[in-house]
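A.B. asks: Quick one: this structure, given as structure tokens, is what I'll be asking you about.
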Amino acid sequence: LKQSKQPLESCRNRCNETFSEELSYCSCDNKCTERKACCWDYQDICVLPTQSWSCNKLRCGEKRMANVLCSCSEDCLTKKDCCTDYKSICKRETSWLKDQCASSSASQCPEGFDQSPLILFSMDGFRAEYLETWDTLMPNINKLKTCGTHAKYMRAVYPTKTFVNHYTIVTGLYAETHGIIDNNMYDVKLNQNFSLSGSNMRNAAWWGGQPIWHTASYQGLKAATYFWPGSEVKINGSYPTIYKVYNKSTPFEARVMEVLKWLDLPKAKRPDFSTLYIEEPDTTGHKFGPVSGQVIKSLQMADRTLGMLMEGLKQRNLHNCVNLILLADHGMEAISCNRLEYMTDYFNTVDFFMYEGAAPRIRSKNVPKDFYTFDSEAIVKKLTCRKPKQHFKAYLAKDLPKRLHFANNIRIDKVNLMVDRQWLAVRNKKYKYCSGGTHGYDNEFKSMEAIFLAHGPGFKEKTEVTSFENIEVYNLMCDLLKLKPAPNNGTHGSLNHLLKNPFYNPSPAKEQSPPLYCLFGPVPSPDVSGCKCSSITDLEAVNQRLNLIDQAKMQSEADNLPYGRPHVLQHSKYCLLHQTKYISAYSQDILMPLWNSYTISKSLVKPTSAPPSASDCLRLDVRIPTVQSQTCSNYQPDLAITPGFLYPPDFSSSGPEQYDALITSNIVPMYKEFARLWNYFHSTLLPKYATERNGLNVISGPIFDYNYDGHFDPYDTIDQYVNNTKIPIPTHYFVVLTSCENSTKTPLNCPPGSLKVLSFILPHRPDNSESCADKSPDNLWVEERMQTHTARVRDVELLTGLDFYSALKQPLSETLRLKTFLPIFINSVN
């Protein structure tokens, strides 16, 4: 008997077939919907593949057809156009998400991959707190975090804006160095404005530094960018090997598929380095604010995008071959139209141009004509201490906290406002962009913290590291690609602890100037110095205390320099002066110490009576020739400066020890108002910190940065700023406090790798208007001011030409990690 033909009831392998009357009951041509005659699975089999980037059981083994986004056909692996989940859906292989964490000491790369490719993936505006709070809703990102290396957070550079930080990540440069100081700016030398929507954005004159795609190409590698600020600009005359012109409407999935296709290219064309960028969760965070259901959905979208990338890598057997860095440029903060500071509340007429928002700047509106003559100081003065609860502080760029590295560029307008969290500063009440969320604030704010996760054969597994700055990522990427980095602001080797086998081993800085000898000499005549000290009854005995024998000097160094003598990396004439309780490096060039170092215990015992003050008891140091010494007569009343002590005399419990500190080699020039801060810090805060931390090693000294470039001024530059006195006035003072992470240990017996540091770079100014402190008790403002001006030890080194921790018995990369640490003080919403 002849078998009857089974009726067709599916569109499988029939999509876009020619219409047939015989099959009119179950059609799969492109007009069947109009006739309402499609097979039941027409939508899933024929339509969905043109809209979906995923396989499903119905699609597995499908017949090839045009216009599909990706294929689930049997030959898709050969054709290299499979959907990324083809193997897990159609071949029942374990998905990357369900795989166990890989554990291998070596790269697992397929044939043809001699070196692990590197992918840099940015999720714009992904603040670190999102991952802490919503990790269970982001399984792919959470797995990457669990299996690879991640930081608690990565600190953005200031201002915490998109273009600024993306370009910092690929150059290792601060905004002031690479020139992209904001998403909007003016350059008086170019007489041009820069904006994200303007044509000038593609003018290479705006873009400084060497982005990593150029570093790679200059050293024989290939680089591809799927959207990245700067990648479509002809920087230094060239583009990346492959790049895409930005188009925000391009689906995230299309971006991932293209990056994966780059990895399918023949070796001769395949990029060694690729970037991938998506706008979420930033776009949604701006619209709805960081704490919103919409942001959670955008995070899940971002998570699926990562999952698609990892599935695609696994399908190519590259998931344990590729090194992947997943990061963000900045965080996100909630804003409200009820939290606006209007310039019209401070000025009768707002006769200037203002970049409004979370990181405002002010300049002349008539440029270039009035650019240089604009009275910035008058603007700052009118914006200072005007309201009891003012939600911003106005700074001249040169007075901003040094940790921001935001002064040394003509594009940085002189007037800058540091705005409180969740507030905006704007011109007037016409401002409308004040709902939802924004960013740009101080990079120490928790809400501005960004994510950093890394996975691949180059990175350690299941490792959490402490926070670091995004200027360090460029060097890290160069190490993964075995490249020599271009000059940058990062500290090369400080992220070695992220890597299984670090490529670069840092070398100790070479000292330029070893100390000279200052010999104990005859007592100079008091008439020469103008100094007096009537309370000293036996001057010879007091001076003889400064003539320590070698054994006493060694003991002083053990007590006061437990981590080694700071090395001097500039040409300088100085000598070490040993006292029982402190050591100083006295400079013959600037007539004051380069640094003083001492250690105080948890139970600092102060004298029952206050020691004599500098005004009534100060004498010349007999170890310093008179012509190389400060004198009391240098401090004339009309100079508004007073001698301040680097080592406080009242830190010595006995009278004779106090006289060891009442010498001209221990004094530095201070404005009287600054001395308020300095004295309160030493009398109240230092003992408190010493109690909390079981003792402290303290190193402090002057800084000279008159050209505010973040680096120490040469002595001939300093000489230009000495007026009516032979004493140069420091622009800042630094303090470096070192203790032990384990509070049962003291700074003197702390084991290697366990040190904890807290550093400050304090602007030396003649008033305390920054804190509105003229009539305020010191306890209400000093500590907050100091926290504002916290800094990395590395910042102190750059500004002083010193090299700290020279004798630590640990790998240098661990010391660099300590030097690049920036302490954070959690700021409440004001």
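Glycine is treated like the rest: Cβ placed from N, Cα and C.
Small disclaimer: the values here were computed from a predicted structure and weren't measured.
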A.B. asks: ASP124, ASP135, ASP187, ASP303: which one does Swiss-Prot list with THR162, ASP329, HIS330 for the divalent metal cation 2 site?
C.D. replies: ASP124
A.B. asks: Given that Swiss-Prot lists ASP282, HIS286 as binding divalent metal cation 1, which residue among HIS150, HIS405, HIS439 does it place in the same site?
C.D. replies: HIS439
A.B. asks: According to Swiss-Prot, which residue among CYS90, CYS101, CYS109, CYS533 is joined to CYS321 by a disulfide bond?
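C.D. replies: The record-listed partner cysteine is CYS109.
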A.B. asks: Between CYS147, CYS337, CYS385, which residue forms the disulfide that Swiss-Prot gives for CYS772?
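C.D. replies: In Swiss-Prot, CYS772 forms its recorded disulfide with CYS385.
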A.B. asks: With reference to Swiss-Prot, which of the candidate residues CYS32, CYS46 participates in the disulphide bond with CYS38?
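C.D. replies: Between CYS38 and one of CYS32, CYS46, Swiss-Prot records a disulfide, namely with CYS32.
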A.B. asks: Calculate the distance in Å between the alpha carbons (Cα) of ASN742 (N-linked glycosylation site) and ASP329 (divalent metal cation 2 binding site), and round it to a whole number.
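C.D. replies: Distance (Cα to Cα, whole Å): 33 Å.
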A.B. asks: Name the residues of the same chain, 6+ apart in sequence, whose Cβ is under 8 Å from the Cβ of CYS575 (disulfide bond)?
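C.D. replies: Residues satisfying the criterion: PRO515, LEU516, TYR517, CYS518, ALA585, TYR586, GLN588, ARG623.
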A.B. asks: Suppose we draw a 10 Å sphere around the Cβ of CYS39 (disulfide bond). How many other Cβ atoms does it contain, all chains included?
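C.D. replies: Other Cβ atoms within 10 Å of CYS39 (disulfide bond): 21.
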A.B. asks: Given a separation of at least six residues and a C-beta threshold under 8 Å, show me what packs close to CYS15 (disulfide bond) in the same chain.
C.D. replies: CYS28, ILE45, CYS46, LYS63, MET65
A.B. asks: Other residues near the divalent metal cation 1 site, CB within 8 A of the CB centroid of ASP282, HIS286, HIS439?
C.D. replies: ASP124, GLY125, THR162, THR283, GLY285, HIS330, MET332, GLY437, THR438
A.B. asks: Tell me, if you would, which residue among CYS72, CYS531, CYS617 (disulfide-bonded residues) has the fewest other CB atoms within 10 Å in the structure shown?
C.D. replies: CYS617
A.B. asks: Pull the DSSP breakdown for the domain 'SMB 1' (7-50) and write it out as helix, strand, coil residue counts.
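C.D. replies: Breakdown, helix to coil: 16 helix, 2 strand, 26 coil.
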A.B. asks: For the domain 'SMB 2' (51-95), how many residues does DSSP put in helix, in strand and in coil?
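C.D. replies: Within the domain 'SMB 2' (51-95) the tally stands at 9 helix, 2 strand, 34 coil.
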